[in-house]
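What follows is one structure encoded as structure tokens, with my remarks underneath.
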């Protein structure tokens, strides 16, 4: 069973005399930094010029270059995009990190695939909230928290796990629950979930359903409403209470169709494709492909993104959402 931690397992005094540098001030960076500060931690922000510098300053933080923030910090939380982390680490973090400092991540990609190799004199940990930054912040302000994962890759000081737990408490995660994992497990399951189910799987399934109905002569608007618009209704029910709550909330006709037709759509061929995708994640093929894609300015990424942006389902969706007050700006 997975090890679970709660408020009583995390000692906030572990961070009492430490300065935390949050590198990056996007959604996660801002949410985590604000929560840490409200929990009594000393936080500085490390950024490259421009971008979020002004926003972080307006939020009342001391903002420095990445290199300067790292020099001042005992804990360095890297919250930059995966594809940017290695270059920033080599240029600005590695030359300035203190001995016995703690290097922290919210995703294990760069450590797991060897793009960042820290010295043996520092702790290397992960604290990964299972929710976007704005939710991390909102739930904290409500007195609750978003669950998180922690992992210890390297324990140079003997305090790595204690630091990770104290940080998780600082962002509010121990108010919910914190699960212990490994960098390998977090990275591989996270990538698989994104590719096969949450992002790649769902969008491909929706497009296939939309195209099937449109090709059969049904109105694109009807196809959109049936295979995309109503997705949120079903997913929300599953999120709240699993498959059981969803099936308790739909008609018997819908449930019978779900149970008898669903496995024909997601059958043995899909399972085999998922196994292949998982193997490419495990053996590093996907990571290598993504790193090479970034080295040549993302031609495949950009072409596929444009193609989906121009798909009929996006045009129809924009029109239908225009009729709905909740989506009007």
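Just so you know, the numbers here start at 1 and follow the chain as drawn.
Cβ coordinates come from backbone N, Cα and C, glycine included.
From the candidate list 108, 114, 131, 133, the residue Swiss-Prot records in the NADP(+) site shared with 25, 26, 27, 28, 48, 52, 82, 83, 84, 85 is 133. The binding-site residues considered are 82, 190, 230; of these, 230 has the fewest other C-beta atoms within 10 angstroms of its C-beta. For residue 84 (NADP(+) binding site), the nearest of the recorded positions by C-alpha distance turns out to be 107; the candidates were 107, 230, 251. For the recorded positions given as 48, 107, the lowest number of other CB atoms within 10 Å of the residue's CB is seen at 48. The Cβ of 251 has fewer other Cβ atoms within 10 Å than any other of the binding-site residues 27, 84, 251. Around residue 25 (NADP(+) binding site), the same-chain residues six or more apart in sequence whose CB sits under 8 Å from its CB are 33, 45, 47, 51, 52, 53, 55, 56, 79, listed in sequence order.
You'll find the Cα of residue 107 (active site) roughly 21 Å from the Cα of residue 48 (NADP(+) binding site). A separation of roughly 28 Å, to the nearest angstrom, links the Cα atoms of residue 190 (Mg(2+) 2 binding site) and residue 48 (NADP(+) binding site).
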